[in-house]
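The block underneath contains the structure these notes are about, expressed in C-alpha cells.
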Amino acid sequence: MALYDLLFGPFIEFGFMRRALMGCIALSISGAPIGVFLVLRRMSLMGDVMAHAILPGAAIGFLLSGFSLFAMTVGGVAAGLLVALGAGAIARTTPLREDASFAAFYLVSLGLGVMIVSIKGSNIDLLHVLFGNVLALDDPSIYLIGGIATVTLLSLALIYRLLVAECFDPGFLKSVGGAGGMAHFLFLALVVLNLVGGFNALGTLMVVGLIVLPAASARFWSESVPGQIVAAAIIGIVSSLVGLLVSYHAELPTSPAIILAAGAIHAASILAGRHGSFASQALRARHLRA
Amino acid sequence: MLKRTAPSIQLDNLTLSYRRHPAVHHLSGTFQPGSFTAIFGPNGAGKSTLLKGIVGLIKPDSGRVTLDGIRRDDIGYLPQQSALDRSFPMRVLDVAAMGLWRKAGIFSAIGRKQLGAVEAALEAVGLTGFEDRIIGTLSGGQFQRALFARLLLQDTKLILLDEPFTAIDARTCEDLLALISGWHAEGRTVVTVLHDLDIVRERIPETLLLAREKVAWGPTAEVITDANLARARHLHEAFEDNAELCEMPA
C-alpha cells in the first residue's frame, strides 16, 4: 500500500503531475531518436548550443507578449534555425571551425536572452525560462509537445535512411545523388523543434539533458541504431518518472531532478551497461579462442 | 557487349582547388570506354581530388568533366576509408545493402529477392557469416570487403576506387584485385587511385601519372618510367604556399 502511494499516489491525486508526466513521456519518445543521431553525428554539444540559441528568440516573444506559448515558440524556433544556419554558414565560409563558431553563438545568445528577459520580467520569470516549469504545463503546452513529437517521429521515419547514410558515408550518398544536405537541415530543424517543445517544460538549460543523456546512455545498451533509439526512449521515460516522484516527495525542483535521474542512469550505464561499459570490459578480459 | 555501352570520362582543362590552391591543375584527357586506369602520383598530387571532381563532390574552378554514357548519380564510388565513420553502429548487411540505393531509394523495403542479391554479393567478397557483425568490429580488410560488396550491388558501368588497398593484407588485396579485374573484363570502365607501384606495373593496363598537372597518361609501361617519376616528384615540389595567380586561360 505504501509503495502504491509512493509510486502512483501523486499521479492519481494531482492533475498537474499527470500532465507533467505526459509531457515528459512525449518529450522522451520524440527526443530519443533526435538524441541518438546527435550523439552518432558527434553533435551532442551542438544540441546544447542550439538550446541556448533558442533563448533570445523566446525572450523576445516574452518581451512582446509575456508568457504567451505562441509568441515564445515562434521566437524560439526562429532563433534556433537562425543560429543553426548562421553557425554552419560561418564554419563553411571562414577558417573558424564549427565548434568555435557554435560556441560564439551560444555565449552571445545566452547573454542576450538573459538580458532581454530581465528587461521586462523578474528573477522568477528568468528562472522559469532557464529551468522551465514542468508542473505548470497547461493544455496548449501539452498539445504542442505532443504535436512536435508526432511531427518528429513521422519526419524521421521519412528521412531515416538518408540520415544513416549521411552519417556513415556522406561521399557515397552524394555520389548516388541523395539529398544529404536536405536531410541534415531537416534534422537540425527537428532538433530545434524538440528543444522548443521541451523548453516550456524543462527550460532552455535543462531540455537538452532529456534528449542527449538518454541517448548517450543508450549507446551502452545496444549496438544498433534502432536498438539505441528504443533504449533511449525507455531511459528518458524512466528518468522522467523517477525525477517527478523524487521532486514531489522530497520537494525538490523538478527539471533538475529529472536531469539528475537521467544522469544517474547514465552513470549506471557507463559502469554496468552491456556494451563497452566498465563491467562488460572487465568480464570480457579473458579472450576467446578465435 | 557491355564494352560498346561502357562510359567514358572526358576532362577539359580541369582545375579543382581547395581555398584557391589548385589540387588538380589544367588537366585534360579521356578515360576511354572500358579502360582500366590507375591514377598514380605523390601525396597531395590531386588523385583523390580528381575522383571527387568526377563524382561531383567538388565543383571545378574552371574546365569541365564530361561523362558520356552514364549519369553522374550512377557511378560506383569507393571513398577512402578515412572518409567513412567506422564507429557508426551498422551491420555488414546494411553496408552492402546500401548498394541497392538506386533500386530501393529512400523508402522502399528491401524484398526477399534483393536480400538474396545482398547475400550473394557478401559471398562473392568472402563475408558469408558476417551479415550481422557491427562494422566497428571488423578488420580493415573485412571492412573493405563489405564496401566491395556494396559496389557489386551498385552494379554500375563506371567504377572509381580511392586507394582500395591501403592498410590491407596481401590476401585481401589479391581477392579484391581479382574482383576489379573481373569488372574490367566485363567491359566496365574502372579508375583506381593506387599507392603501390608494383601493383600498377603488373596489373593495371593504363596509368595517369599525376602531380597536380598531368605528367603522363597512357599505357602503363610507357607512363611509369624513371624519367616520368622524377618529373612527377619535381613538379610536385615546385608548388608553393604563396603562389601567384595563375595566368593560364581558364
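Placed from the backbone N, Cα and C atoms, the Cβ positions cover glycine too.
Listed in TrEMBL:
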TRANSMEM  A:20-40  transmembrane segment
TRANSMEM  A:70-91  transmembrane segment
TRANSMEM  A:103-122  transmembrane segment
TRANSMEM  A:142-164  transmembrane segment
TRANSMEM  A:176-196  transmembrane segment
TRANSMEM  A:202-222  transmembrane segment
TRANSMEM  A:229-250  transmembrane segment
TRANSMEM  A:256-274  transmembrane segment
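The stretch from A:20-40, A:70-91, A:229-250, A:256-274 with the most CB pairs below 8 A to the transmembrane segment (A:202-222) is A:256-274. Contact between the transmembrane segment (A:229-250) and the transmembrane segment (A:176-196) is absent: fewer than three CB pairs lie under 8 Å, with pairs separated by 6 or more positions in sequence. The listed stretches are A:20-40, A:103-122, A:142-164, A:256-274; of these, A:142-164 has the most Cβ pairs under 8 Å to the transmembrane segment (A:176-196). Panel annotation: around the transmembrane segment (A:142-164), residues 19, 22-23, 26-27, 29-30, 33-34, 37, 69, 73, 173, 178-180, 182-183, 186-187, 190, 193-194, 196-198, 200-201, 225 of the same chain, lying at least six beyond its termini, place a Cβ under 8 Å from a Cβ of the stretch.
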